[in-house]
Structure formats: structure tokens, C-alpha cells
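**Student:** First the structure, which I've put down as C-alpha cells, then a few questions once you've had a look.
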Amino acid sequence: MSTPENFDAHTPMMQQYLKLKAQHPEILLFYRMGDFYELFYDDAKRASQLLDISLTKRGASAGEPIPMAGIPYHAVENYLAKLVNQGESVAICEQIGDPATSKGPVERKVVRIVTPGTISDEALLQERQDNLLAAIWQDSKGFGYATLDISSGRFRLSEPADRETMAAELQRTNPAELLYAEDFAEMSLIEGRRGLRRRPLWEFEIDTARQQLNLQFGTRDLVGFGVENAPRGLCAAGCLLQYAKDTQRTTLPHIRSITMERQQDSIIMDAATRRNLEITQNLAGGAENTLASVLDCTVTPMGSRMLKRWLHMPVRDTRVLLERQQTIGALQDFTAELQPVLRQVGDLERILARLALRTARPRDLARMRHAFQQLPELRAQLENVDSAPVQALREKMGEFAELRDLLERAIIDTPPVLVRDGGVIASGYNEELDEWRALADGATDYLERLEVRERERTGLDTLKVGFNAVHGYYIQISRGQSHLAPINYMRRQTLKNAERYIIPELKEYEDKVLTSKGKALALEKQLYEELFDLLLPHLEALQQSASALAELDVLVNLAERAYTLNYTCPTFIDKPGIRITEGRHPVVEQVLNEPFIANPLNLSPQRRMLIITGPNMGGKSTYMRQTALIALMAYIGSYVPAQKVEIGPIDRIFTRVGAADDLASGRSTFMVEMTETANILHNATEYSLVLMDEIGRGTSTYDGLSLAWACAENLANKIKALTLFATHYFELTQLPEKMEGVANVHLDALEHGDTIAFMHSVQDGAASKSYGLAVAALAGVPKEVIKRARQKLRELESISPNAAATQVDGTQMSLLSVPEETSPAVEALENLDPDSLTPRQALEWIYRLKSLV
């Protein structure tokens with residue numbers, strides 16, 4: 001920070017600021033001064049750039065002008081949102097002392113720290129996306145990873161075994177803020193991510209972590225959570241929890257448990273697969289035309305977030321899946337009645353988190369009340385649904401009649417945004433508050449009554465009651481009648497023609513009225529805090545209710561989608577395989593203006609690989625992706641876009657579909673392609689679904705063909721994975737003749753002159769041609785270029801109609817591992833010592849090598 005070294009030379013106020021800033025050197029400090037939050041020195045310069053606000057100077061301290069920038073306190077949320085979106089963290093420093101009684105600067109302290117991963121304010125969060133704080137740890141045995149959604153209390157840990165799995169977890173969870181140890185070795189894994197925070201090693205100590213977690217959950221050990229034997233995950237979780245406590249400056253009662261996420265419990269998808277399948281984000285980085293955009297018609301934000309978690313973590317437990325299927329089927333006749341009521345529930349999950357953090361605002365409590373008011377109707381509607389899982393959700397959501405009654409009595413119908421604005425607590429809730437409000441609102445009536453009463457009592461017709469800003473309330477009597485003033489009248493002010501008095505009753509009333517607004521507001525704040533105390537004992541049950549409501553929203557939504565989009569319930573089978581009748585791509589069918597051409601698929605242990613050929617734009621990639629998406633939907637318990645589906649166990653989904661240069665890492669398209677291919681070949685199993693599209697196209701024809709052949713052979717013969725293998729190498733269509741479990745299918749097209757019509761229908765057998773020139777013409781390549789290409793094609797076909805095919809077969813794939821026969825010239829050169837040759841001997845060797853070549 002650009003500050004003078006001599007601390008004592010600063011003004012008392014700046015000394016206070018500098019002490020607070022020294023405690024938070026790496027983040028911006030919002031320092032409350034009256035109606036503004038001020039920033040000074042380097043913070044002011046940074047904020048002026050980040051927020052586009054004016055940079056000014058505030059006098060001088062220690063002889064130097066102080067750079068300053070400020071924002072109005074009532075607009076702070078908008079500015080915080082901008083900073084958080086840029087990955088910045090902010091310490092909020094408030095005035096906690098009373099200016100009237102303070103000697104020197106008003107006492108101030110940092111009351112909270114706003115960071116990208118620990119925000120809970122509604123204005124700072126995207127309502128339909130999780131906002132995660134994460135921590136990563138690494139030792140010689142692997143990684144530890146923990147995530148916390150502070151806006152819901154959801155706390156998870158895992159222990160990814162290798163770099164690829166860790167990268168997939170980072171891509172799946174996409175944390176807003178990531179904590180890492182100062183000696184973290186795999187920086188290339190996290191570099192470039194938003195919200196990186198370097199933390200000291202001691203925060204990751206295992207003993208500290210266990211102590212922190214036991215203290216948080218009120219337990220003696222962590223056995224009950226199933227995380228006792230996950231030391232790497234616990235190291236990450238301990239650091240994460242400590243950071244959350246440090247930033248919130250309060251207890252975190254809504255974080256009540258921690259859950260271990262195990263690799264074997266869900267279908268694993270690496271980063272490339274999530275990207276290529278466009279689950280929640282399309283390839284351009286947006287949310288349009290994704291699987292979530294089709295499936296997510298949930299009516300609550302918390303339901304939307306839960307559905308996205310399901311999509312990114314499909315479960316393998318068929319008991320869970322069958323229960324979801326049964327529930328979706330049972331709910332299909334009730335969606336029209338349930339969704340309007342569920343819509344009124346709102347985002348109860350995040351409201352409860354703010355309640356736990358004691359940052360809930362009046363409108364949060366009003367929304368909570370509104371959610372409670374929907375529960376009786378919801379429960380009544382669900383009573384008619386013949387489904388045990390639905391009835392379990394109905395019981396779990398509860399009714400909370402007492403809490404509903406409390407909030408109906410306590411909070412007005414439409415409260416202001418902030419409790420400090422007053423007028424939050426309803427009339428009739430607290431007698432003392434009503435009195436203070438009556439005093440503040442009813443001073444005029446009281447003074448009129450007092451004036452009438454005192455005139456009658458004293459008989460003085462010139463007596464009147466009034467108010468003066470300097471002297472307060474008074475009773476005024478004309479000079480001519482002042483000698484008749486009662487003995488209990490104490491003179492307050494003498495005027496030319498009148499005397500002004502005060503009586504104990506009026507003085508007491510004056511004190512009440514002058515402080516009634518302040519007293520009413522202070523009492524209102526106290527009563528508001530007491531509401532938290534009355535609600536928080538029910539937090540656990542309320543969180544269970546919110547979870548049940550979110551799950552109900554997801555299941556009702558999937559029931560509506562199944563009915564509206566004509567989906568079918570898939571059947572799970574024990575053996576590996578996928579059989580699809582009339583399958584459709586869930587996203588493409590929604591954006592097409594013409595009917596989607598449905599296609600079948602049959603993969604089984606006896607038919608493990610399909611070699612897919614056909615023209616570009618013919619639908620090969622769509623066919624492959626729809627298979628993966630149907631499998632993914634089945635494994636979240638959803639119905640699927642097909643006439644009939646039977647699907648066996650799946651442990652992983654891999655996609656090697658399309659590629660682009662990774663310029664940031666210095667990797668070419670071909671290198672990216674080969675890296676993804678290597679990951680598949682190392683990690684796929686017989687229970688994996690593998691999509692391979694155009695392997696080997698980034699290098700020379702023979703190199704690419706050889707690699708594609710070897711990869712296909714490895715997947716079919718050794719790994720035995722369920723594989724869809726799209727290619728333009730027609731030589732690969734010979735694979736079914738050379739190995740078991742491989743079949744050809746193709747997507748056809750009709751060519752007429754210079755035009756081509758894509759049939760988009762999958763047929764058995766290999767394609768007859770690739771139609772590449774017709775597609776090029778369709779794309780607008782100049783006619784003379786197309787004409788020349790046709791000539792060249794005829795030349796090449798006449799020269800070598802089947803050259804590649806004669807070179808590549810199942811017995812010759814050893815060319816990838818066995819070097820070509822070395823020429824005699826090369827052998828002679830390898831045995832030659834050039835330093836020992838005379839000029840004459842060198843000349844002789846040149847002639848000898850010439851003869852060998």
C-alpha cells in the first residue's frame with residue numbers, strides 16, 4: 001500500500017483505517033463513513049478501475065494527499081456484485097460505536113468478508129446455479145477435494161485418484177473460489193481458474209481438520225458421516241470450513257453434515273465429455289440449446305439447481321433410479337395442479353441459509369411465510385398420489401403451522417427491503433412497539449387533548465400547547481395571565497408578550513416523543529433478531545423440507561417433460577448393452593423446424609462396436625451424442641426420447657468428438673485429440689460407453705488411418721467397451737470381417753447433380769461413398785474448384801483404388817509398434833565414426849553410400 005512509513009503521523013481516523021486494512025492486506029476494504037463506504041490509497045485506485053467510479057483525494061494525512069473513492073451505502077449490493085463477478089473479495093467495515101458518545105474516531109470493525117465463493121446475498125447470486133467454495137489438497141497418494149455451498153449448507157468431499165479425475169471434478173463443480181496450499185505441485189491443473197486463493201499449509205493439517213469438523217457438527221468423531229478414512233478429503237474440508245468461518249464472522253448452523261462422494265457411486269464423465277455433450281453449457285459458453293435448456297422447466301430456483309446437479313452426476317444405484325422412475329410415472333397426472341403451487345414456494349433453500357447466517361432480510365421472512373402458506377395445499381394434493389416415494393416427500397416437507405402463524409403475526413404483508421428502514425414488524429405483535437409508534441404518530445392528538453384539559457383546569461383562556469425546535473414542548477400563557485399559572489408550571493422561556501412553561505407530564509411526554517422513533521426502530525430491530533432465535537431451532541427440519549420441495553419440483557418437472565415431449569420409461573438390464581428403438585436427440589428435435597428422424601441402436605456384448613460411416617452433415621455426430629444423452633437421462637431417473645430403451649450398467653461415458661487447438665497450453669488439434677484418446681484407452685472398461693468421432697484426422701492419411709484402426713481394435717478386442725466409432729476412413733469398414741463384436745452402420749444421402757439430400761436414417765452396412773464434394777458444393781465452394789476436385793478424385797481412384805486397404809489389416813497393425821526395416825545405408829551410417837576419417841576415406845564413403853541407396 002502506498003502509505004507513509006510513520007504510522008503516528010496519520011490522523012486518528014486514518015490510523016484506525018490502516019490498522020483494519022493491515023488485517024486484510026490482499027482484499028478491498030469498504031470503510032463505512034456516514035452514508036458512504038470509502039476506499040483509500042491503492043484500494044481506491046483499484047476500485048476506481050474495477051467499478052468505473054471517480055478517484056478523488058481526501059485532504060492529507062502524514063503530509064500526503066490520500067487517494068479516495070466512495071460508494072453510497074444504499075447501493076453497496078450492486079457494487080459488490082460487480083466486484084464478485086470479477087473474482088474480487090471485499091471486507092465490509094461498519095461503524096459499531098455511537099458517534100454521540102465516542103471520543104475520537106467512531107469505533108469500527110469488519111463485520112463480514114464477501115468473497116466469490118462465500119456469498120449468500122440474493123443480489124450477488126445467480127438463482128439457478130450453485131455457487132461453490134472449494135479446496136484442493138494433494139499428497140503422494142492422490143488428491144483431496146471439498147466443496148461447500150454456503151447458500152444451502154451442502155458440504156461434500158472426495159478423493160480423486162489421479163490428475164484426470166481431479167480435472168473432471170473441477171470441471172463438474174466449477175467452483176467460484178478455489179483454495180489451494182502454498183506448496184501445491186500441480187499448478188497447471190488450476191492455473192487460469194477464477195477465484196484462486198493461496199492458503200498456508202497449516203490450514204490443511206489433518207488434526208486441525210478433524211477438530212474443526214467435529215466442533216462444527218458437535219460430534220466426537222466423523223465415523224457417522226462416512227468420511228473418517230478419507231484423510232486427503234478431510235485436509236481440504238478443514239481448510240474450507242476455516243475459511244468459511246473467517247469470512248462470515250459468525251457461526252454456520254446450517255452446515256450440519258459432510259458427505260463423501262465416491263467415484264463408484266456415479267457415472268464418471270471427464271471434462272471433454274461434459275463439454276462435448278453440452279449438458280448445461282454449449283460449446284460457445286452459453287446455456288442455449290443444451291440438455292438442461294430442454295429438461296429444466298422447474299418452477300423453483302432450488303429445483304433447477306438440483307436438476308443440474310443430477311445431470312452432472314448420474315447415479316448408478318438402480319434402486320434410486322427405479323424409485324425416481326416410479327415417482328415420475330405417478331406424478332404425470334398431477335403436474336398441472338402441482339406446478340403453480342410449487343412456483344409460490346420460491347427459493348426456500350437459500351432463504352434458510354441467510355436465516356442461519358442471520359443476514360435474512362424482511363422480505364426473506366415474508367417469502368418464507370408465503371412458502372409455508374403453500375404447504376397445506378401441496379400436502380393435500382400429494383395425498384392423492386399413489387406412490388410411496390411421493391408420500392415420503394410429503395412427510396418430509398412438513399407443514400410448520402406454528403412458524404407460519406408466527407410470521408403472519410410478526411411481519412407486515414409487504415415489508416421494506418431493510419429492517420433499518422422500519423415498519424417491518426406488524427401492528428399488534430408487540431404492545432410496547434405499538435406504544436412507541438403511537439407516540440411517534442400521535443403527538444398532535446395528545447397535545448390538543450392536553451391543551452383542552454389544562455384550559456379547563458386552570459381557567460386560562462390564553463393557554464395553548466406548542467412545540468419549538470430549540471426548547472421542545474411548552475405551555476404558553478399570555479403575560480397578562482402569567483401570574484395565574486399553577487405552582488407546578490416551571491418557567492422555560494420568557495417572551496415579550498408571553499411566558500412559556502413545562503410540566504412534568506409534558507416533559508415526560510416530550511422525552512418519549514423525541515425518542516419514540518429511535519426507540520421504535522431499536523425495539524423493532526430487537527424483535528426482528530428475536531424472530532431468528534424463534535426460527536433457528538427448527539432449522540434442520542426446515543432444511544429437510546426445502547430439500548424435499550426441491551426434489552418434488554425436479555420430479556414433477558421431469559414428469560411434465562416426459563408427457564409433453566413424448567418420452568418413454570427406460571428399462572434397466574443386468575448385462576452391458578444399450579438397445580434403443582426410435583431414439584431421438586433431446587435437444588436437436590426441439591430446435592428443428594421439420595420432424596426429427598428417429599433411429600434405432602443395438603449395442604451388446606456380441607455387438608460391442610458400431611463403425612459409423614456416411615457424409616458430413618449426414619447425422620453421425622447427432623446419432624452418437626443422442627445415444628450418450630439418452631444414457632445420461634436414463635441414469636438420472638428421467639424418461640428418455642425414444643419408443644423403447646433397454647440399458648445395462650454403465651460406469652463411464654467418454655466422448656472424443658471434435659477438437660480445436662489448445663493455444664493456451666501450446667497443444668495442436670491433433671495433440672488434443674490424442675490426449676483425449678489416450679485417456680479413453682487407459683480408463684475405459686467393458687461397462688463404458690465410448691463415442692469416437694473422426695480419430696486420426698489431424699495427421700497424414702496413413703498415420704491417421706493406422707491410429708484409427710489400432711484404437712478401434714483395442715476398444716473392441718481388449719477393452720470390450722460399448723463403442724460408437726464414426727469415421728471417414730472407409731478402410732475401417734473391413735473391421736467386422738476381421739474381428740468379432742464389430743458391425744457397420746451408415747447414414748445415407750441422395751445425390752442429384754450438384755445437390756445432395758441427407759436422409760438422416762441409420763442403416764446397417766457401410767456407406768457407399770462419402771459425398772464430400774457434394775457437401776463442399778452445398779457449403780458454397782466455387783464451382784471451378786469443385787470441378788477440379790472431381791477430376792483429381794477420378795485420377796486418384798484410378799491410380800490407387802484400394803491402396804490403403806491393402807496396407808491396413810488386422811495382422812499388420814504391428815506397424816505401430818515394430819519399426820520399419822532399416823536400410824543398409826542407414827546401418828552403414830550408424831556404424832560410421834566421422835571424426836576418424838581422412839578426407840580420402842570420407843570421399844570413398846560417399847560413393848559407397850550412393851551405391852547402397
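The chain as shown is numbered from 1 upward.
Cβ coordinates are placed from backbone N, Cα and C, and glycine is handled just like the others.
Just so it is clear, the model here is predicted, and its values are computed rather than measured.
OK, Swiss-Prot features for this one:
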BINDING   G614, P615, N616, M617, G618, G619, K620, S621  ATP binding site
**Student:** What's the number of neighbouring CB atoms sitting within 10 A of the CB on K620 (ATP binding site)?
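**Tutor:** Taking every protein chain into account, the count is 26.
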**Student:** Name them in sequence order: residues not among G614, P615, N616, M617, G618, G619, K620, S621 whose Cβ is within 8 Å of the mean position of the Cβ atoms defining the ATP site.
**Tutor:** T622, L747, F758
**Student:** For a quick check of packing: other C-beta atoms within 10 Å of the C-beta of M617 (ATP binding site), how many?
**Tutor:** 18
**Student:** Tell me the coarse DSSP state (helix, strand, coil) of S621 (ATP binding site).
**Tutor:** helix
